[in-house]
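Student: I'd like to ask some things about the structure below.
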């Protein structure tokens, strides 16, 4: 059985640049017998959930067409219980149970979770919790058995990424201020563990690897940061390989690869089975740390030396403050996450060998503007959904990246 679930959202007053008419795949799951896609279709006139079964002919046909009471904004699916949780624009979360043949969807429960649009919903089977975040800047968790709210935490900005670790009960929350917050959730309370600040843009995607105890965060600043939670050393590895906003992150534990995508359609597969280095802190100085020429705010040295002040730059390898003349060369530094050429000082450029420049990532073009992505490690299938209302499925291997196996138009 092959299954595709989509929903379409009704919304008024779209401005230029909003996701009018765009599709978003939120999650998909597969086993030996079943493949489930969950996708979002943002549409101006309809607000429906559709379940598509893949027939023997290879084509998808809707088996369920359900109209919601409000516009849908996010969802999650649990394959063991066949529980579908749908967050909506009015702040409520509706739960449904799908039949074994995926031809019927029975309403189970409704949670009055938020005062604004639900941005992320996550069902945790082991805890029987429904975690959700909204534009009201609240993180809430409800008991899925009774429907009662167990706890609430107020964030500093509305949340755009949420991950949960069952073993430690840690919730990882990424918000629009660019901050990642770690919370310890209890049955009826929570405590702040720590916060990470590394992005200059809002956090757009989170991915948690429970085996390596590593958290990946993607941002609108085009960067990815790998936070070493398990090492307890505060290590943060930066990955620079996108030219646009990072839209999705998935980790392949068997091959130790990180898969990232951006809104310009780029897909990057990072080899994380290498020893990576932290990017250095940028040093402060009133003059070039190579030639000692004053920078333009250093009036005293400019007057004493009778020289015009220079603009300050930084070497990406050593972090020293340098002038343009002393940092005119460019180089990739893959082990530090710089897959594109960046500014380096002359001495660092000489120290970088061809072996150091060997790429640790491969780059691919999805041929559509990606809105969401999901990777299924057991099959190696990578699914992307784009603004063109098309869902694409590719087969990925450690050494290959195939063309689309299936293309599904869900408009």
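In case you wondered, yes, glycine gets a Cβ from its N, Cα and C as well.
Just lifted these from TrEMBL, have a look:
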- 282-353: domain 'FYVE-type' (DOMAIN)
- 196-229: repeat 'WD' (REPEAT)
- 239-273: repeat 'WD' (REPEAT)
Student: Mind checking which residues of the chain, 6+ beyond the ends of the repeat 'WD' (239-273), have their Cβ under 8 Å from one of its Cβ atoms?
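Tutor: Sequence-remote neighbours of the repeat 'WD' (239-273) are 201, 204-207, 209, 211-212, 216-220, 222-226, 337-340, 342, 360-375, 377, 380, 382, 384, 386, 396, 398, 401.
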Student: What mean pLDDT score does the repeat 'WD' (239-273) have in the model?
Tutor: 92
Student: State the residues, same chain only, that lie 6 or more residues beyond the ends of the repeat 'WD' (196-229) and have a CB under 8 A from a CB inside it; answer 'none' if no residue qualifies.
Tutor: 157, 160-167, 172, 174-182, 235-251, 253, 258, 260, 262, 272, 276, 337
Student: Taking DSSP states H, G and I as helix and E and B as strand, how many residues of the repeat 'WD' (239-273) are helix, strand and coil?
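Tutor: Across the repeat 'WD' (239-273), the residues distribute as 0 helix, 21 strand, 14 coil.
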Student: Do you know the DSSP helix, strand and coil residue counts for the repeat 'WD' (196-229)?
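Tutor: Per DSSP, the residues of the repeat 'WD' (196-229) fall into 0 helix, 21 strand, 13 coil.
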